[in-house]
């Protein structure tokens with residue numbers, strides 16, 4: 001079409017080197033586009049990938065549970081297992097204890113304070129606390145009842161190194177402080193910074209699981225492998241049955 005009154009403009013394409021895909025390029029791009037993504041690989045029915053997927057699922061679930069527990073409790077570890085009978089009969093070996101930050105759901109109360117307020121916890125007066133003996137984080141924390149608290153001067157008069165909480169296991173005849181422990185030496189009063197948290201409630205027997213976590217992990221892995229092998233054989237049997245039916249029809 002011609003435009004009246006205006007000069008027609010001629011459009012010219014720039015003359016440069018034009019790039020064309022070669023056959024090798026097309027093959028290479030075809031291979032790249034056909035490669036499955038990581039998500040597609042995880043959806044695979046391959047037994048090895050399926051096993052990895054199951055293990056990853058377990059890890060993610062454990063991580064989510066851990067995050068929720070920390071959010072509720074405000075401390076870590078949020079759960080501990082009772083390993084000895086020092087708190088019998090109010091806590092027994094294998095009990096799983098849910099731990100919260102020492103001032104969560106109310107301030108920490110010693111036995112003397114709880115008696116005055118007539119408040120009990122785990123069958124006795126005073127909160128049961130979880131603490132690092134002498135502040136040593138490399139040894140197993142102790143879970144005993146807080147009887148009272150002494151200041152620095154009183155502790156020095158008693159031959160102790162510092163002030164803090166005086167603790168005792170309900171089943172033990174004497175307090176912790178002043179006794180010699182092989183891992184930390186003479187037990188000192190518990191400083192605030194050594195307190196991991198206080199016990200909120202206990203679930204009987206469930207604590208045997210974390211006490212034997214490695215044995216449990218091995219059992220779970222064996223079960224997963226056995227299940228994958230069983231599923232694989234079952235799938236193969238179905239495929240063989242289908243092939244037999246097709247041959248029979250022919």
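Note: Cβ is positioned from N, Cα and C throughout, glycine not excepted.
Given the ranges 191-210, 211-230, the record in TrEMBL names 211-230 as transmembrane segment. Check TrEMBL against the ranges 5-29, 30-54, 55-79 and you find transmembrane segment recorded for 55-79.
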